[in-house]
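Visitor: Supplied in structure tokens, the structure appears directly below.
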Amino acid sequence: MPTPSMHFASYQANHKEIAKDAIIYSYQRHINGFSANLEEEMAAEIAKHPKVASVFLNQGRQLHTTHSWEFMLMEKEIGGVIHPSSLWEKANFGEDIIIGNLDTGVWPKSKSFSGTGYGPIPTKWKGICQNDTVPCNRKLIGARYFNQGYINFTGPLNSALNNALDHEGHGSHTLSTAGGNFVPGASVLGVGNGTAKGGSPKARVAAYKVCWKPINGSECFDNDIMAAFDMAIHDGVDVLSMSLGGNPTDYFNDGMSIGAFHAVKNGIVVISSAGNSGPKSGTVTNVAPWMITVGASTLDREFESFVKLQNGKQFKGASMSKPLPAGDKFYPLISAAHAKAANASAKDAMLCKPGTLDPKKAKGKILACLRGETARVDKGEQAALAGAVGMILCNDKLDGNEIIADPHVLPATQINYKDGVAVFAYINSTNDPLGYITAPTAKINKRPAPFMASFSSVGPSQVTPEILKPDVTAPGVNIIAAYTGEASPTEENFDKRRIPFITMSGTSMSCPHVSGVVGLLKKLHPDWSPSAIKSALMTTARRRDNTESPILDGSFNKATPFSYGAGHIRPNRAMDPGLVYDLTVNDYLDFLCASGYNQTLLELFTESPYKCPKSASLLDFNYPSITVTNLSRSVTVSRKLKNVGSPGTYVARVREPIGISVHVEPKILKFDSIGEEKSFKLTVTKKTAGMGTEDYVFGGIVWSDGNHYVRSPIVVGMPLGH
């Protein structure tokens, strides 16, 4: 059976003796519990013990630049000039903040992790590099690996892999995005040249390898993740970034949620990816309110590679692949379905699946393949193996306008759904279709940007709909960052190339952008709590793109807070938010109490005395966003704001959701000193007329003193059949 993980305060010695041989991990530093191989009967018996907080099955999880920081106005686009008022300058580039990363490990040879020029390691640091395979320096100050849960599931691991070395490239990419050093002249195959750096480029970094070669869709296991959390808290990290996740589940059955709670309890800010299961609603993961959950959106940079047709039409695509031979020679262009092998279906051939293409039909031609079901780069490999000279990867309707710049093994480009339809129409309209693919070039100031990536997971939360998730969005499409020397850019055996930097896309990439900014905020405001930092990011976020229009989704329809949360982060604004919605560990326990967890369980969970308040309500949980579900008539929510800036008088301004009236009391809050707190109530009432037909409607409230704008989204859900 899968390995149960136990989260408990204490347990009788004789039962521990029975389980001793089955123990995989014993969490004894900050998370009180163990992971073991147990029969269902024993697990059930342990679960009944009054001092056991939770028993849950070990779950498998999945892994979810040179321009990002310019796009977020931390430096100027021309020349990379950093303004003295930039958060980078104010926070001294995150100097000596320690950022930990739960991922696939690290490639220590990357220049992003060079220790040259760094001073002594902070004295509070207790971490190590576990073996000589990943040596420490003054930049990369920790590298540990956790694989007992993985081994328990898969069997013995090759001893050569028993280390924190990054064999996949994902961990190096995410860690360098959060805290990578300055590396001039970084590019991907000569495209996108610039200076690579993380959000906190002077931070120290530590890798906690918890993810390994995928087995049956799982590569990171809860018991390994919890062990990494326990050790990272002990080591002394300030920020923990984790670009991984699974299906959303009950907080006490989720190792990531439990680990993150104990980290936040120790003052560590935990940032997580929202997941890559969009655009379907209700797919967002990592939804615990003590985490910062990050969606993914685009930059204003594109790696353009055009499809040219002989009829004079051309369509803009995205690519990082090598160009076709010079000379603008047109090549025969066919649908991949027309190159299908005798034993393959036209549908599978159109998707360029392995073994579906006939080399006699594909050789010397450009193939038009349809996106979906298999990896984008694998489609290019299949086209190359069949002898094609190039590939046009056409989006399906679901992926809309989201195009990814991949380093394909042959000349290729990816185009959006509308343009793909036009290419297939051209192919079917002539007896001799011809086409050409131009070499990729990097272009900036593209519009609209940002827009939400189609893959970015979407709310509402399936665990607690009353908490809006994701919290924010950040750049997560075509992000350039460090890579490993252990894998090719396509991760395919067919591909023998090795490159120091690569583009990747996913909420895995947006998450460490926020982690890097959190490092800066921790440096600038060491007295701020994790929730204050989250509030600063959320209340200063932006809901509009660079055309001053509302942020769009991947199909260019208006996006909602279920996609972007409070909006796109604005680091320079977040360092001076004016007011914050603060939360303590006890507030999180009150939240759990209001969610139906009993007091005894919560005392075990936090390992300290705790009493559930008599009137705990999710409506009064001091979250920076405001969500009301199943509104039938009228409800009142309460919030408390803390002044973290200069004295000032703040006036409320409300943008009412369609069909909803919102009343704020009081409408004016006057703050005389730093740390002063003031409360307000917000009454949300359903109007008798003018209601829309949507299940959810959206608005917002802004508190402003003329210099600061403290924004919170308002989300109102209607009962079924309203």
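Each Cβ is built from the backbone N, Cα and C atoms, and glycine gets one as well.
Got these off TrEMBL a minute ago, pasting:
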DOMAIN    15-64  domain 'Inhibitor I9'
DOMAIN    94-566  domain 'Peptidase S8/S53'
ACT_SITE  ASP103  active site, charge relay system
ACT_SITE  HIS170  active site, charge relay system
DOMAIN    349-422  domain 'PA'
ACT_SITE  SER508  active site, charge relay system
DOMAIN    620-716  domain 'Subtilisin-like protease fibronectin type-III'
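Distances, neighbours, how buried they are, the whole picture for these features please.
Guide: The average per-residue pLDDT of the prediction over the domain 'Inhibitor I9' (15-64) is 63, rounded to a whole number.
Here the Cβ of ASP103 (active site, charge relay system) has 29 other Cβ atoms within 10 Å, regardless of which shown protein chain they belong to.
Taking the Cβ of HIS170 (active site, charge relay system) as centre and 10 Å as the limit, one finds 26 other Cβ atoms among all the protein chains shown.
Helix first, then strand, then coil: DSSP counts for the domain 'PA' (349-422) stand at 22 helix, 17 strand, 35 coil.
Secondary structure by DSSP for the domain 'Subtilisin-like protease fibronectin type-III' (620-716): 1 helix, 58 strand, 38 coil.
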Visitor: For SER508 (active site, charge relay system) and HIS170 (active site, charge relay system), determine the Cα separation and express it in whole Å.
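Guide: HIS170 (active site, charge relay system) has its Cα 8 Å from the Cα of SER508 (active site, charge relay system).
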Visitor: Round to a whole number and give the Cα-to-Cα distance in Å for the pair ASP103 (active site, charge relay system) and HIS170 (active site, charge relay system).
Guide: 7
Visitor: Around SER508 (active site, charge relay system), how many other CB atoms lie within 10 A of its CB?
Guide: 29
